[in-house]
């Protein structure tokens, strides 16, 4: 026997409920499925925006008669009568202070005064009223209470996903996203449905409710609108294109630059805004032969008579211009920018391209860009100079074919570094050296007559003797396998297959043109010191120019066996020879697969 909750007398509702507006009365209502506790809220301005029921005030709220259901106003009082006869008309309705909002007559949870004290008002409703209620709800039936997926389900109407303080806004157009208000919070409820999967009992006991179709997408929240965090690039001219005339001028107000601010899109937005730039009739370009050295100046001067009179007060601007014309061009000189018509260029939006200065040395244009990485480090530069001096390529050329580098190397080899320092910066070729005489060297700055005589004598000898015959480079010379094996100190050629690590062996580039093992660090390895690696993984050993190439090969093998063809020096011990023959008889080494370090 369950205890019946406290029931107030009938006159309590009529007297105290209207006088004291802070009283909240909970009343149990009998239903077929389960007892439903209806929370009775008094008529406050916070609720007055939700549901006008009078006919005279329904025109202010378009969502009442609109064909689109407003999910903001759908609540649990759809389960009871919401017809116009259910309005609570009280002749003794107290006057509320004006807050800028019109007052309406609202039902108390949709219960009419004739039925608000009846515990079984569900049974007293007629079929016409239920049909009217269902028709205005625009749902086929009040379903979703028992968790049926095919029916619309009840969603919680809370302050986390909606705001009942916000004004009732009609449904926006489909292409435009809804305007989010700042005081809305994120939807923190992680449940898709409010019904538990294990129980058929609906959870009607927490807060207000609204109808929501399961298959229909809900009102997008702020978290959904801000879900895309990547910056998007959009052109605002597609949204509101700026109309332009045929002359290129922007039609519209010229007082300010109009930039639209759109708040419906995510925060991280990269916008491309069309900015209005007032132009003259033409864009002035300075002709130049160099690519990318065009100076474009967009002027905003108006063709008024006063502009031509202001040419006397001109601005002097220092410009750097590079032209390949035959006419002499003043570089780094103050230049007055003015049009051919005499209009002064006072526009601050002038776009100038980056141009390169003319080099003082003509030959640096070709040599500075190539091999720039080699000139950055001093060690590489000195090594390159030593290699050129050792190779002495100028000796194998005729004087007519010499370049500036060949001339400088010849002077350095002749112990004339002072003369070479004087010639740096001149565009000298071998053809110029054929016309040298004592007077020419004096004009170049060689003041000592003895040095001039010595220089001319060496040059005449080189011209008479001609270029030296080309010699084969010993370092790059290909040595045949016959020449290598013919060495008397080596008498064995072995085929070895073993996995290695980078710490097992130490190699160097030997005199035979291939890598030679200098130290064996690993244990139980078939390799020995002084072994020459003739072939490594079916590649000729002479292709491995340095130990770093073998180290990279060992690292890339990742523990796999590496095949070596080894040229080994003969030994005096017969025991070692027999062990070496046994290891090389099958062509595969008997060493363990994982050498110990």
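Cβ atoms here come from the backbone N, Cα and C positions, even for glycine.
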Open item on the list: region 'Disordered' per Swiss-Prot: which of the ranges 99-131, 132-164, 165-197 is that?
Closed with: 165-197
Task: Segment-level pLDDT (mean, integer) for the domain 'SAM' (402-465) - done: 87
Task: Counts of helix, strand and coil residues, the domain 'SAM' (402-465), according to DSSP - done: 45 helix, 0 strand, 19 coil
